[in-house]
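Input: a single structure, listed below in C-alpha cells.
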Amino acid sequence: MLIVKKFGGSSVANKERIFRVAERCIEEYKKGNDVVVVLSAMGDTTDELLAKAADINPNAPKRELDMLLTTGEQVSVSLMAMAMHALGVSAVSLNAYQVMMHSTSRYGNARFKRIDSERIRHELDSRKIVIVTGFQGVNKYDDYTTLGRGGSDTTAVALAAALRADACEIYTDVDGVYTADPRVVKNARKLKEITYDEMLELATSGAKVLHNRSVEMAKKYGVQLVVRSSLNLEEGTTVKEVAKMEKMLISGVAGDKNTARISVLGVSDQPGVAFKIFHTLAKNNINVDIILQSVGREGTKDISFTVSQEDLKPALAILEEYQEPMTIREIKWEDTVAKISIVGAGMMSNPGVAAKLFESLYNNGININMISTSEIRITVLIDEKEIDKAMQAVHDGFGLGDV
Ligand code: ADP
Ligand code: ASP
Ligand code: MG
C-alpha cells in the first residue's frame, strides 16, 4: 500500500512530537508500506515569519513573502528526516522544487496545476520514507509560491491523487471532524463520516480543520480522507462521497471571524451598476461573499457585501478610486462582524431549518445582519463579539451535542 500521511504544525511543534510522528510513520513503513509524509511548519512558525516580514516591510512583495514562508516547511521536513535516520530508517526530505509541484503563478494563493511523481517514486522504490514540504508550489517563473494558510492539507491530497495512493490521512491536534470547533463548543460531537460536499461547505465557512481546497481536490479525484489525531489512536473521521449519516438535519456549525462588511450607499438604481462594482473587484482578485441590495428609492439604492479582512483595504482603495464612475455617494465599512454557518445535506428536504437557526439566535438576543444560503448551507452575519455564544446557541438549538 502507498499511504500519504500529513501532520500539521502542532503535531511537529517540538522534538518530542517530531519523534512521535517519526515513530508512527516508521511503524507503517515496517509493515511493508510505501510512506509519503507531508508536513507543515513547526508550531507557530508561519505566523512568526509573517510577523518578521511585517516588521521589516508591512507592504512586502508577495513573491518575497512566499520565499520566506516556504522556509518553515523546509525546516520541519529536514528535521523529520534526521529523526528517522536517528531511529535507523532511511528517509529523504524533498521540497516542492525537488518533487516539482507545479502551481499557478499567484503568490500567497497559488493552486496546483500538475505534480511530477518520478522523484518520489524513485525514492520509494529504494525503500525510503519520503517527506515532502506542505503548503508550497513552484510557478512558471521557477519561483516558490504558497497555497494559502492551511494549505498543507491540499499538498497531501494532491500527492495522494498524483501517486494514486491507497490512503490519505490527515493528522491534527483534534480527534477528527466535529459538529463544531471543539475548542469553542465543548459538547461538540465527533462525526464518523462526512460527505465531501458538507466538509467543503464547513471548511469554506471557517472550520479550519481542513483546507477547503484540499476537500475540493479530494472530491475531484475521489481521494478518501481520514482526519484523526496525531496524539492518540482514536479512529477519526472519514471524508467521502456518500456518508452513512445518522439521520441528522445538519452535520455541523462553523464560525468565521475573518470577515468585513462594506456598504456602498446611494448608487444609482439602474442596470449595470452592480456589474461595474463587482466586475472591478473581481478583476482585482477580491472575493466577495454575501451580497445584500436594498430596495431602490428615489433612483438610488444601497449595496452591502462581505470580503475577507485581508481584502478590506484593497477593496476600499478600489471603490474610492472608482467612486464617481460607480455612482457611489458614500462608502461605509466595519471589520467587527463574523459569519456563522450551519451545513447539512438534510436541510435540502426539510423546511424550517432557517427558522430554527433564527430562533436559536433570537433566543440568545443575537441580531442578524445579513443572510446567504446554498443548497446545503445557511450563513448569517452577526457581531464578532457574539460568535462563540452564537456557535453554542445554534449547536444546542439543533441538538447536535453529545447527550
Ligand atoms: P493543523 O495544524 O493540524 O493543520 P489546524 O489548526 O489547521 O491544524 O486545524 C485543526 C483545528 O481546527 C482544531 O484545533 C480545531 O480547533 C479547529 N476546528 C475548527 N472547526 C473544527 C471542526 N468542525 N472539527 C474539528 N476541528 C475544528
Ligand atoms: N504552515 C502553513 C500555515 O500555517 C500551512 C499549514 O499549516 O497547512 O498556514
Ligand atoms: Mg491546518
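In case you wondered, yes, glycine gets a Cβ from its N, Cα and C as well.
Around the Cβ of K208 (ATP binding site), the same chain contributes G150, each under 8 angstroms and 6 or more positions distant in sequence. Reduced to three states, the DSSP call for K208 (ATP binding site) is coil. According to TrEMBL, the feature ATP binding site maps to K6, F7, G8, G9, T172, D173, Y178, R183, K208, V209.
Residues annotated as substrate binding site in TrEMBL: T46, E73. Other C-beta atoms found within 10 angstroms of the C-beta of T46 (substrate binding site) number 23, with every protein chain shown included.
Here TrEMBL flags 262-345 as domain 'ACT'.
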Whole-number Å value of the largest CA-CA distance among K6, F7, G8, G9, T172, D173, Y178, R183, K208, V209, listed as ATP-binding: 21
Predicted model, mean pLDDT over the domain 'ACT' (262-345): 95
T46 (substrate binding site): secondary structure state under DSSP, collapsed to three categories: helix
Assigned conformation of K6 (ATP binding site) - DSSP reduced to three states: strand
Number of Cβ atoms other than its own within 10 Å, given for T172 (ATP binding site): 24
